[in-house]
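Written out below as structure tokens is the structure these notes cover.
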Amino acid sequence: MAKTSVWSDNRFWQRSAAWITGFAAVLLIWLTFDTAGQISMGTDADLQNKVTKRVPGPTVINYKITYEMSTKRGHEVPVIGEKEKFFGRDDWSEEEAGALLHLGKLGSQTKNCMNCHTLLGNGAYYAPDLTKAWLDPAWQNDGTMQAMTGKSTKEEAMAEFLQHPSTYPTHARMMPDLGITAEEAKGLVAFLKHMSSIDTNGFPRNFGKIQGAVNGK
Amino acid sequence: MASNHLTGIGSESKQLATWYFTFAAIIFGAQLLFGLVAAIQYVMPGFLFELLDFSVARMLHINALVVWMVFAMFGSVYWLLPDETGIETIGIKIGKLLYWVFVAAIVVVILVYLFIQVGPADETSIWFIHEGREYIEAPRWADFGIVVVALGFVANLWLTGFKGKNSGIVTVLMADMIAFAGLYLAGMFFTDNITVDQYWWWWVIHLWVEATWEVFVGAIAAYGLITMIGAHRKVVEMWLWIEVAMLFGSGILGIGHHYFWIGTPEYWWEIGALFSALEPLPLVAMFIHVLYDWGKTQGAQDATGQEVSVINNKPAFTWFVLNAFGNFLGAGIWGFFHTLPQVNLYTHGTQFTSAHGHLAFFGAYATILIGMMYIAVQGTNGIKIMKNTRASLWAVSLIVGGVMGMTIALTIAGYVQVLVSRAQMGATWAGYFDGQSGMWFAQAMDWRLFMGAITFLGFLFLVKDLLSTGKNPVHER
């Protein structure tokens, strides 16, 4: 019988496949444990003690959020600043803010936001990305959206738009009326504000630079 | 009763396979129809506004895509099991029952998507309407149903694999399909933390599409080469093991390319860049594998002095060769060119992704699954050599031309979006619509719609061909 090479031996390749797959899977699981620790949601105490978390706690809605260039990291990062009123209050407790975020996250799924918009860049591309929507110049004090809804704060303008989207068209491609109630709208805005505080490693880059959204201007 | 692949008659497993293929083809049609609705809405935003909005059309488009492919995958396995194991599939009665459960569940889910669409922001909507999470929107009651059906399918595969002859192809499928079913569990919970949500969501989507589904394709390609051109089993299975090593070796950690911007740590930049850069390599290997085995067996045939093609199923083999090209081009090339973080920072979540998605799902999966449908048509009709008909050729030309056209149009749209909305305007609301209103973008969307219509026309030819070619006298019986 002729001597055969290991390279043409199916058993060798079968074992290689098993070892490589096992190794990759173990590495992924190990990295998942590390990542899970880093992406778990922070607490109110973290926010008060200025502990930076990749995903801050729900009470982040009590603070002003900006998106600023970090020279150390070479890209923009969300910065949590001084207290800022959210629907007239800056003392939302951990429970209240958590309940609002829960309602908003649930709403973002039940209203099917992701099948038009992208969130953290994932979803459909029919409507604008919502990752940093809270920081969008259009909703600021002199922004077009705030003017159109006739409201005097960002959160009220957003909530009004969400409840009656087809009343305030911004483009021929309009957002449909999804039956969003006043309470749901409040939750959705809290969800959007919370999402804008997530550290996305600089995505989207130069967010609104031309319109002055970067560096809190 | 075991059966030869050319005579599917008498095998209950093969009969069940044809049921799966039939429902898959129907849902494939639904996918294209709702894709057309969504494409029209890009061009005419008022189309069906507040009746069947883009969000609903798109959800149906992508869910139908997943469902028809899963159905065709289950069908493919039920088709090849008797050939590979030499015995009839065990638990076929339960398999048939689960098929009807699955079909009924899908129909109910589709009707709810169509007529209820959205619910209040509470858990009942998640349980009974949809979960609003791209690709895995199925409501929670259906999630549990899907798990039960998938477990029944995996049980049939495992029991049959253990009792019958255990080929390399069956071994790979046994390992692959249990991973496929298990990963679905990672997408079945709710969390307020969208970063955690997206982290596990990718375990389902990425590890399905870029790991377990690709390995599935490798196994199906191996089966196809053995049955259609008589390729040598040892050679084919050796390629298969190498492909499995490369696909899982690159694909599992390639998940890192989805963890660049969702709130996950920076080390995923390096891991994602490295492993996803390796991801095209197995696709090159699969491409070479198909052409190499074809050339090898044909060359051996030619050496006998007769001018005879080794291919006993021309339309199926055409789709298998298209799979080799399309997988490499759509998943490999179109995937690679926006996979590095330096590029992806600007292209993430734009029409680039859509261009890649269209060509990759088509090239890597649709092609080979359509090929399996032709193999089933050959087998159920007892055809020795199956030839192309006029309709087969129209189907393949129009579908491939249409999908390539859509891909090119969406790539151009992606360029405009990246340059205007992202690089220049920094991804704001106003910047987004500046990009969408550009002339190049608008024209690209017109072309996408036109090419989508071409694809649908090709689908009609495909259905006609699949339904009628079995009885056509051009084939050798």
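Placed from the backbone N, Cα and C atoms, the Cβ positions cover glycine too.
As written in TrEMBL, here are the features:
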| type | residues | note |
| --- | --- | --- |
| TRANSMEM | B:20-40 | transmembrane segment |
| TRANSMEM | B:60-81 | transmembrane segment |
| TRANSMEM | B:97-116 | transmembrane segment |
| TRANSMEM | B:141-162 | transmembrane segment |
| TRANSMEM | B:169-190 | transmembrane segment |
| TRANSMEM | B:202-226 | transmembrane segment |
| TRANSMEM | B:238-261 | transmembrane segment |
| TRANSMEM | B:267-292 | transmembrane segment |
| TRANSMEM | B:316-337 | transmembrane segment |
| TRANSMEM | B:357-377 | transmembrane segment |
| TRANSMEM | B:393-416 | transmembrane segment |
| TRANSMEM | B:447-467 | transmembrane segment |
Mind checking which residues of the chain, 6+ beyond the ends of the transmembrane segment (B:97-116), have their Cβ under 8 Å from one of its Cβ atoms?
16, 19-20, 23, 27, 30, 52, 56, 59-60, 63-64, 67, 71, 128-130, 137-139, 142, 145-146, 148-149, 152-153
List, by number or range, the same-chain residues at least 6 past the transmembrane segment (B:357-377) whose CB is under 8 A from its CB atoms?
5, 8, 14, 17-18, 21, 24-25, 28, 65, 69, 72-73, 75-76, 79, 209, 213-214, 217, 220-221, 224, 227-228, 313, 315-320, 322-323, 325-331, 334-335, 383, 386, 403-404, 406-407, 410, 462, 466, 469-470
Are the transmembrane segment (B:20-40) and the transmembrane segment (B:447-467) close enough to be called in contact, which here means at least 3 C-beta pairs under 8 A that are separated by 6 or more residues?
yes
Taking contact to mean 3 or more CB pairs closer than 8 A (sequence separation of 6 or more), are the transmembrane segment (B:316-337) and the transmembrane segment (B:238-261) in contact?
no
Let me check one thing: do the transmembrane segment (B:60-81) and the transmembrane segment (B:238-261) come into contact, meaning three or more Cβ pairs under 8 Å with sequence separation of at least 6?
no
Check for me, if you would, whether the transmembrane segment (B:202-226) reaches the transmembrane segment (B:393-416) - at least 3 Cβ pairs under 8 Å, residues 6 or more apart in sequence.
no
Same-chain residues near the transmembrane segment (B:393-416), Cβ under 8 Å, at least 6 residues beyond its ends:
315, 318-319, 322, 330, 334, 347, 350-355, 358-359, 362-363, 435, 438, 440-441, 444-445, 447-448, 450-459, 461-462, 464-465
Cβ under 8 Å to the transmembrane segment (B:267-292), counting only same-chain residues 6 or more beyond its ends: which ones?
210, 214, 217-218, 221, 225, 239, 242-243, 246-247, 249-260, 320-321, 323-325, 327-328, 331-333, 335-336, 339-341
